[in-house]
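Per Swiss-Prot, these features apply:
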type     : residues                                  : note
SITE     : Arg17                                     : site 'Transition state stabilizer'
ACT_SITE : Tyr22                                     : active site, proton acceptor
BINDING  : Asn71, His77, Asp84, Leu98, Ser99, Arg108 : substrate binding site
ACT_SITE : His97                                     : active site, proton donor
Amino acid sequence: MDVLVINGPNLNLLGTRQPRFYGHKTLADINNDLLKIAKENNINIDFYQSNHEGQIIDKIQQTAAKIIIINPAAFTHTSVAIRDAFLAINKPFIEIHLSNIYNREEFRTKSFLSDIAYGCIFGFGPNGYTLALIEAINYINMKGE
């Protein structure tokens, strides 16, 4: 596998959950858009969503992906354990958020992942996933993997 896309808690509710912040696209819509781009670029992509921190950590530890795209959702601001999982596997990842976390409540402005991420994309709605995948493809091509 080339790219793993991980989505954290409550992202299974996209399309109906707070559309002011997150838009009207569902997670399935976003995944379908990414799958098309991946196929056009001969990239193998897999998708995973969980509301449970431990399951996300297990997925991070077990993946054979060359690069990970993650929207950790609320775990962004709370999970040292997810941070430690990324440090343990020593693989690049791109942190993504639909909304601009720096333009939200104060408690949402701290990310436990940003400083160790390959890159971060915030505030572009569902298009942020596309931007992240384009950069993941660039990374894979740059590494010649």
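Glycine is no exception: its Cβ is also placed from the backbone N, Cα and C atoms.
Shown on the structure are the features that Swiss-Prot records.
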residue	record	contacts (Cβ under 8 Å, 6+ apart)
Arg17	site 'Transition state stabilizer'	Asn10
Asn71	substrate binding site	Ile6, Asn7, Gly8, Leu11, Glu95, Ile96, His97, Leu98, Tyr129
His77	substrate binding site	Phe107, Arg108, Lys110, Ser111, Phe112
Asp84	substrate binding site	none
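The 10 Å shell around the Cβ of Arg108 (substrate binding site) contains 16 further Cβ atoms across the protein chains shown. Residue pairs drawn from Asn71, His77, Asp84, Leu98, Ser99, Arg108, the listed substrate binders, are separated by up to 24 Å at the Cα level. Taken residue by residue with DSSP, Arg108 (substrate binding site) is part of a helix.
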